[in-house]
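Read the structure below first, then the notes.
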Amino acid sequence: MTDNLDKNYIIALDQGTTSSRAIIFDRDANVVGTSQREFAQHYPQAGWVEHDPMEIFATQSATMVEALAQAGISHAQVAAIGITNQRETTVVWDKETGRPVYNAIVWQCRRSTEICAQLKRDGHEQYIREATGLVTDPYFSGTKLKWILDNVEGARERAERGELLFGTIDTWLIWKFSGGKVHVTDYTNASRTLMFNIHTLHWDEKLLDILGIPRQMLPEVRPSSEVYGKTKSGIDIAGIAGDQQSALFGQMCVEPGQAKNTYGTGCFLLMNTGDKAVKSSHGLLTTIACGPRGEVAYALEGAVFNGGSTVQWLRDELKIVNDAHDTEYFASKVKDSNGVYLVPAFTGLGAPYWDPYARGALFGLTRGVKVDHIIRAALESIAYQTRDVLDAMQQDCGERLSELRVDGGAVANNFLMQFQADILGTCVERPKMRETTALGAAYLAGLACGFWSGLDELRDKAIIEREFSPQLAEAEKEKLYKGWRKAVDRTRDWEDHDA
């Protein structure tokens, strides 16, 4: 518990794919200080993505100092630090020197594709799915770690001698901030490694054997809300969650059936399924989320590949808008899309279709179609894809969506939010506080150290800026959605490939 009433602030460290951020919250969950620093992206080969772990730590440390200075407060006034992070990104370091043996291999990196293919050939795909809730894909940490051990000179031998440690970004930051005293991760991050059994809540010995990972290099796995240790300056480190799970908690989606959508370049949808690890029949991931006090809960996760990137395409390639914000104005100028559907399968289709050979297409063109209709169809495509995933989630878990909570850059678009409510037939809630990912980490840390009393107090702080209620008649809604599904079907299996 917090023993000093003068400790009136929580720091959330939000370590993302392109930048490190620090956000300071007061007891009312208001932002009182922020700082952000970008860091270098390294692309040594096509499909490879790396970060320098030392640069990640340096930028994250600097943002904390800068945010404190901006807020005009000292370390002594901070009750705790919460950490949220880009998930799956993999770091291996020497536990004596604290130096990485190789750059961090980023979640986007595809270098372990052949390792995944071999796992499938060896018949491990089904067990991986059942134990971890994940698909056998280079996205996740386990095959990245295997690649480092297999390809960095001396790494496997040193790991087997107990000289090297593994961690996702949360683990790396805590180890550095604690001066090498604490080697932990939380259940949400562990559930993204392809090495953690989400049912037993332990590292899976069979998977470690399959991947050839020495058990002693893995961190201890702990709940998302507890005091793990202290920084060298004496601040409690008290909350950890992967970025999407942190946003789910920041949105107070802690009961079964509650869901959030983060509208970014793509869209990340998570639905809380409570204490039930639901196995998806629709290609969704089963993952660990945070329960009411940061304990283990489960969630279904689905990703839409092209959300905000569709609007970027209108702006940068077609050049029919100058600014993403303008799309709301143009889409609202026409009463509907005039029968036009844009399926933005630029890189294939994600959940629930999983068709890498689908390609983007524009349907329903007539001489009466204007640019405004195409812009509107682009925004509508984001909402349609969200419904695709949420329908799959509801079918998988049997939970009816109570409302959809939203965050990310595109939620400022009122047209999109209203159409989202219309096509779902469900209320869409946009929070006043847009920093939901950082807020989730702050909440987890604050609950652990007694800064906030519990869920009721946090719910009181969850102010909805605007609720979008469905306004479309059921028959019209289903007619529009039927057209979308027809359009999607026409894009499937488009690119030539070997059967």
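Cβ from N, Cα, C; glycine included.
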Check Swiss-Prot: it lists THR17, THR18, SER19, GLY308, GLN312, GLY409 as binding ATP. Then name which of THR63, THR265, THR366 it lists for that same site.
THR265
Candidate from TYR43, TYR139, TYR298 that Swiss-Prot assigns to the same glycerol site as ARG87, GLU88, ASP243, GLN244:
TYR139
Would you list, in sequence order, the residues of this chain other than ARG87, GLU88, TYR139, ASP243, GLN244 that have their CB within 8 A of the centroid of the site's CB atoms, where the site is the one recorded for glycerol?
GLN86, TRP107, ARG192, GLY242
Which is it, of THR17, GLN244: the one of these binding-site residues whose Cβ has the most other Cβ atoms within 10 Å?
GLN244
Between TYR139 (sn-glycerol 3-phosphate binding site) and SER19 (ATP binding site), what is the CA-CA distance rounded to a whole number of Å?
20
Is it possible to get the count of other C-beta atoms within 10 angstroms of the C-beta of ARG87 (sn-glycerol 3-phosphate binding site)?
25
Reduced to three states, what secondary structure does DSSP give ASN413 (ADP binding site)?
coil
